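K.L.:
Sharing the record's features from TrEMBL:
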- 27-54: transmembrane segment (TRANSMEM)
- 66-90: transmembrane segment (TRANSMEM)
- 96-121: transmembrane segment (TRANSMEM)
- 133-153: transmembrane segment (TRANSMEM)
- 173-196: transmembrane segment (TRANSMEM)
- 203-221: transmembrane segment (TRANSMEM)
- 236-475: domain 'CN hydrolase' (DOMAIN)
- 483-503: transmembrane segment (TRANSMEM)
């Protein structure tokens with residue numbers, strides 16, 4: 001009965017169903033809406049894109065036509081946002097040449113229904129504020145649901161549009177300590193839609209933005225810090241190309257480079273004369289081999305480190321000949337004191353989903369047991385993470401809360417594109433959500449450090465081989481989001497759905 005009423009509510013005059021012009025318009029508008037995402041942050045583009053989808057709910061002649069509008073909008077949106085994936089394929093073009101034109105569109109085909117479904121369902125509400133609020137709530141819930149694709153793919157959440165570099169972005173992302181990046185997604189969708197609803201609503205939005213700014217500025221200037229002295233860290237960025245890592249001669253040169261950078265960075269760190277621990281952090285793929293099986297290499301690293309502890313990214317092989325993407329903790333003598341195996345692997349990059357009947361990857365990795373917190377001399381209480389794992393909101397800190405997070409990555413696959421910058425944006429927002437300082441060491445990418453409010457302390461630009469030495473700030477007190485996680489944004493979405501239903505009934 002509900003479906004028949006919904007179907008009958010569409011305009012009786014049928015518009016052309018799936019003409020080339022209509023699909024082209026959907027693709028173009030979707031692609032333009034993605035300009036609001038990092039690293040461009042063109043916020044009006046998102047608002048115009050949402051308005052376009054809302055108008056489609058008004059003008060579409062049938063549910064099928066509305067589905068086509070929303071699907072191709074999503075296809076354009078995600079293809080443009082993930083266009084940098086092509087760079088990853090080009091690094092192995094001799095093996096995966098056939099995937100070059102389909103990498104980004106292929107992922108977008110999987111993600112487009114997460115835009116199509118909210119647009120279809122919001123059509124159940126009458127036109128006006130009720131439909132806009134419902135679309136914003138369902139958009140957010142669908143955005144959150146992307147964690148259920150394979151091992152999860154919550155890349156580019158809509159809330160990341162607020163992560164503008166500098167002070168403005170620092171202020172705008174402070175509410176993430178309470179509502180998380182998914183709560184910011186809800187705010188972005190609500191503002192992007194309701195700004196078109198009328199003068200009164202626009203004035204209300206301006207007032208809300210003022211309150212938001214005051215809250216953010218207060219949070220930045222009055223941090224609630226814990227009395228913890230985190231170590232001094234030397235972050236290393238070798239800027240080693242992927243093809244050099246994979247070749248024997250290139251791997252030897254990369255190892256020598258990291259030994260030199262380690263020695264120089266430790267010397268710079270000691271010059272700070274800080275009365276705290278001192279560590280060095282090598283990135284993912286920093287050691288081009290199996291570190292636990294290479295004792296001479298560990299001795300050379302310890303000699304270069306001159307008595308400092310370290311964390312090093314390397315592959316690992318267990319007794320059953322299974323391989324892991326791992327990070328090792330080495331003491332001052334080069335002995336392994338802890339190992340963390342990456343537990344959330346990249347689909348199609350580090351493992352192949354089981355539903356694919358033929359072999360795409362020449363080798364696959366094994367997932368680790370889960371998040372961990374190390375409590376070791378010099379390191380303190382640290383949560384190790386590897387690359388992809390940092391993108392999962394509410395799932396970056398172990399059961400025992402660490403005092404800081406260390407993420408290692410190798411973004412050489414993605415070139416000097418939007419990919420490394422979108423990755424860094426996720427690092428920044430995790431710091432705010434958890435109230436923890438986060439440092440990232442990238443082999444090739446962007447090495448950087450953020451305090452527990454997401455304020456950038458320092459960074460190395462893409463394409464530079466160097467080290468970054470800094471004292472890691474103290475952690476903030478546990479945030480509301482770090483305690484309750486995604487329950488908070490889900491609850492806000494449920495409230496928004498109830499508000500939409502109330503507004504709809506009142507209008508009828």
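Every residue gets a Cβ built from N, Cα and C, even glycine.
Heads up, TrEMBL stuff is auto-annotated, nobody curated it.
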K.L.:
Would you confirm whether the transmembrane segment (27-54) and the transmembrane segment (173-196) meet the contact rule of 3 or more C-beta pairs below 8 angstroms, pairs 6 or more apart in sequence?
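P.N.:
Touching, yes - the transmembrane segment (27-54) and the transmembrane segment (173-196) meet the threshold of 3 or more Cβ pairs under 8 Å.
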K.L.:
Let me spell it out: take the transmembrane segment (173-196), skip the flanking residues so only those 6+ beyond its ends count, and list any with a Cβ under 8 Å from a Cβ in it.
P.N.:
43, 46-47, 49-51, 54, 129, 132-133, 135-137, 139-140, 143-144, 157-163, 202, 205, 209, 212, 215-216, 219-220, 393-394, 428-429, 432-433, 435, 453-454, 476, 479-481, 485-486, 488-490, 492-493, 496
K.L.:
Cβ under 8 Å, sequence separation of at least 6 from the ends of the transmembrane segment (133-153): give me the contacting residues as numbers and ranges.
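P.N.:
Hits for the transmembrane segment (133-153): 50, 53-54, 57, 107, 110-111, 114-115, 117-119, 121-122, 124-125, 182, 185-186, 189-190, 192-194, 344-347, 351, 353, 367, 392, 486, 489-490, 493-494, 496-497, 499-501, 503-504.
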